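So that you can see what the record holds, here are the features copied from TrEMBL:
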TRANSMEM  5-26  transmembrane segment
TRANSMEM  61-87  transmembrane segment
TRANSMEM  108-130  transmembrane segment
TRANSMEM  175-198  transmembrane segment
TRANSMEM  210-228  transmembrane segment
TRANSMEM  260-283  transmembrane segment
TRANSMEM  318-342  transmembrane segment
TRANSMEM  362-382  transmembrane segment
TRANSMEM  394-415  transmembrane segment
TRANSMEM  427-453  transmembrane segment
Amino acid sequence: EWDRWLLMGLIGTAVGMLGFFIHQIIDSLIKLKWDLVENYLQVSKRNNLYLLTGQDGNIHMTWLCALGFGLAMVVLSSGSVLFICPAGSPSGLPEIIGYLNGTSIRHLFNIKTFLGTFVSCVLAVASGLFCGPEGPMIHLGALLGCGLSQLQSDTLGIHLPIFTRFRNSADKRSFITAGAGAGIASVFRAPIGGLLFVLEEVSSFWDIRLAWQTFFCCLMATFTMDLLSSSLSGFVYRGHFGFFEAEKRILFWNLLDMNVLAFIPTILLGMLGGLLGALFVSLNIKINKLRMQFFNSIPKLSLRKTSKLFRQMRTTTYYIFTLLMFCISPHLFLCVAAAALLVENGKQGITYLFKRGTHEEFGYTSLCTALAFYFILSCWTAGSAVASGLVIPMLYTGALYGRIVGLILVSIFGVQTNEYGAWIDPGLFAAIGAASFFSGVSRLTISLTVIMVSMLS
């Protein structure tokens, strides 16, 4: 079995490297986008967040530059899915689950699908849409698991004469399962979470040998991702290769002494997460049904794809324009902190919401406004013609209403500095709210708990 373990290690390493490149490219594109509009912006700092306001006479150029850059990335992202890899739309996760449970899907594991999904995912996240790279990373990890284990490609004309004994349906599915788990493990730096995710959500055919091998693959993906990220940021070497900084991996680690009273708002947050999660799923299903009815009414396939592209462009124009009006001109809405939350990328915003000891950093108005925007727009984005994931929007939405509940407790009991009242912290309840909404939408339990624990401590 040494060759099977070797392949599992190679797949994990390759997935970790791919995850690293995806995050580095996304960060570089986001930086490039704001560098381009920097000449037309005044940057001020409030509540540790950077706020953007247009200079006199340049506000229209600011909007045009930021809108044009974001729209161009969305058009390329949508075009990559519609015209290069239809099998990659929108995230690839349902297709992977279907394949591993016995459904054959054409073009799901070819090189065009890999390239199209990679480009679409990077551009969609960097454009500012309310989405993340998690779903596409699962698909890309499964693609690497398939390609590296089979070592053959009809498209490229490659048929290597090694590892030929794995060219059968059962082994192929095992490596695809491991690659999918490595994809989720590399995103959250949670190897156990990646293993449990594919066990709970993805695959129905399982044995103890595959569990150990998948865990090894996830472990290699996490290690590779952390190793490369330890010294590179935006493809710029910053030294300390191999030094794993806890502050860059863990959102908070200062544990709080808990009181039994903390379980009361926790239970309420769990119920709220279930209700809002059900509402989110119901709205998303209805939106996607309307999309399907509209596009299925167009007879020609080429016209249907073109219509999807133009509809995505129109929707994104309204989407980005509204956000720019809200974020670049926050004084029009009397809600500066909400604008700061929305202008940040999702991962950074979640870090701010989880921050401990910031009891009054965000008010009710900013949190409620950001919650309404994020809930509606992430629901609309899910299922659109771009390769995108839902985990970041789920965590962000849950963190927003969790922090609102924490703020309510602070309003009732005040800011507590003693050890018996330290649990009354909006950052703590933001983390609990994030887990509740994630669970309400995804219906995950065990793997979600492990992933959240890996992220937070």
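Using N, Cα and C of the backbone, Cβ positions are placed for all residues, glycine too.
Caution: TrEMBL annotation is automatic and unverified by curators.
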Completion exercise
In the same chain, residues at least 6 away from the ends of the transmembrane segment (175-198) whose Cβ sits under 8 Å of its Cβ atoms read 7-8, 11-12, 15-16, 18-20, 96, 99-100, 109, 133-134, 137-146, 148-149, 166, 210-211, 213-215, 217-222, 224-226, 249, 391, 444, 446-447, 450-451, 454-455
Practice task
Please work out whether the transmembrane segment (427-453) lies in contact with the transmembrane segment (260-283), by counting C-beta pairs under 8 angstroms that are 6 or more apart in sequence and asking whether there are at least 3.
Solution key: yes
Fill in the blank from the handout: Among 61-87, 108-130, 210-228, 260-283, 362-382, the most Cβ pairs under 8 Å with the transmembrane segment (5-26) come from 210-228
Practice task
Find the member of 61-87, 108-130, 260-283, 394-415 that has more C-beta pairs under 8 Å to the transmembrane segment (362-382) than any other listed stretch.
Solution key: 394-415
Practice task
Go through the chain and flag residues at least 6 beyond the ends of the transmembrane segment (260-283) whose CB is under 8 A from any CB in it; none is fine as an answer.
Solution key: 375, 379, 397-398, 401-402, 405-406, 409, 423, 429, 432-433, 435-442
